[in-house]
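Undergrad: Take a look at what TrEMBL says about it:
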{"type": "DOMAIN", "residues": "5-148", "note": "domain 'Aspartate/ornithine carbamoyltransferase carbamoyl-P binding'"}
{"type": "BINDING", "residues": "57, 58, 107, 135, 138, 263, 264", "note": "carbamoyl phosphate binding site"}
{"type": "BINDING", "residues": "85, 168, 222", "note": "L-aspartate binding site"}
{"type": "DOMAIN", "residues": "154-301", "note": "domain 'Aspartate/ornithine carbamoyltransferase Asp/Orn-binding'"}
Ligand code: NCD
């Protein structure tokens, strides 16, 4: 059993919670590799996917995870819900809640929305990314991918590189890695650095070439062009020259070091095609791990036991 009722941020998760999610995800790998990718674990449970911001991989990953666990799911988007008619979020949630649902999965532009949902329902809430705040299931799939590669997380050196200040991915990955004993270094241009690196408890630098040779994992963040007010960076080409992961920089990495990216990628900006599609890249492994870790998180939050799987 997890120590939390909802999955809103990774700061609230203990090492034991994270290990349960990763181990349960591992157990679901066998299900996902079968011809018939379905177990009855969540039969009869109702899950509402409330996606108030565009999403491809997170949304499809949650939907597939729900189907593979035999849950009944309801998909609601920003433009198809009464939110566009001016209904308040609280009213929308209370209305759906009155239909007796078990879980809300919420993606929102506004940080804090999933937390607000918990105040208007008894159902369990999973944050599928809220503004610049957190994206906890992304962190779980990242940890899963890294642990699969190295067999452990403790002691690994991980650089999280790029648009730190606009990134909910960094905001959830850094604390989760630290809880699991990894060493995190934040790398980004001064305009993208976080005001208080102590908030993450991680050192922060603008010199990627200096730190890259020591790293086991180089985690490139997408430049959040849609979240930028004013020009925080000079140009695409200049950003690529200073902070992009191109072949020259990838060659500075340890031979066994890996590259991750949450997607969607801005190819030619934070990452170049020759690296994104190289043998070091674990980007598609991350996508695959997304379904497994979301199955695990939903299963455990809805009362499943990590050792009770007959998968
Ligand atoms: C991330 C997101 O939306 O937070 N993408 C994702 O969920 N796979 C990262 C991003 O958009 O940069």
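Glycine residues also receive a Cβ, built from the backbone N, Cα and C atoms like all the rest.
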Undergrad: Less than 6 Å between Cβ and the nearest atom of ligand 1 is the rule; apply it to the binding-site residues 107, 135, 263.
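TA: Close enough to ligand 1 are 135, 263.
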Undergrad: Which chain neighbours of the carbamoyl phosphate site, leaving out 57, 58, 107, 135, 138, 263, 264, have a Cβ atom within 8 Å of the mean position of the site's Cβ atoms?
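TA: Same chain, not in 57, 58, 107, 135, 138, 263, 264, Cβ within 8 Å: 55, 56, 61, 128, 129, 169, 262, 290.
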Undergrad: DSSP three-state call for residue 263 (carbamoyl phosphate binding site): helix, strand or coil?
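TA: SS state of residue 263 (carbamoyl phosphate binding site) = coil.
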Undergrad: Determine the most Cβ-crowded residue among the binding-site residues 57, 107, 135, 168, 222, using a 10 Å radius around each Cβ and all protein chains in the structure.
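TA: Counting Cβ neighbours within 10 Å, the top one is 135.
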Undergrad: Identify, among the binding-site residues 58, 138, the residue whose Cβ has the fewest other Cβ atoms within 10 Å in this structure.
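TA: If we count Cβ atoms within 10 Å for the binding-site residues 58, 138, the smallest count is at 58.
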Undergrad: Which whole-number value in Å describes the distance between the Cα atoms of residue 135 (carbamoyl phosphate binding site) and residue 222 (L-aspartate binding site)?
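TA: Here the two Cα atoms are 14 Å apart.
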Undergrad: Pick the one among the binding-site residues 263, 264 whose Cβ has the fewest other Cβ atoms within 10 Å in this structure.
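TA: So among 263, 264, the binding-site residues given, the one with the fewest Cβ atoms within 10 Å is 264.
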Undergrad: DSSP secondary structure for residue 107 (carbamoyl phosphate binding site), reduced to helix/strand/coil, please.
TA: strand
Undergrad: Pop the Cα-Cα gap between residue 222 (L-aspartate binding site) and residue 263 (carbamoyl phosphate binding site) into the table, whole Å please.
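TA: Residue 263 (carbamoyl phosphate binding site) to residue 222 (L-aspartate binding site), Cα-Cα distance: 7 Å.
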Undergrad: Would you report the average pLDDT that the model assigns to the domain 'Aspartate/ornithine carbamoyltransferase carbamoyl-P binding' (5-148)?
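TA: Summing pLDDT over the domain 'Aspartate/ornithine carbamoyltransferase carbamoyl-P binding' (5-148) and dividing by its length gives 94.
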Undergrad: Of the residues in the domain 'Aspartate/ornithine carbamoyltransferase Asp/Orn-binding' (154-301), how many are helix, strand and coil by DSSP?
TA: 67 helix, 23 strand, 58 coil
Undergrad: Counting by DSSP secondary structure, give me helix, strand and coil numbers for the domain 'Aspartate/ornithine carbamoyltransferase carbamoyl-P binding' (5-148).
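TA: Helix (H, G, I), strand (E, B), coil: 62 helix, 27 strand, 55 coil.
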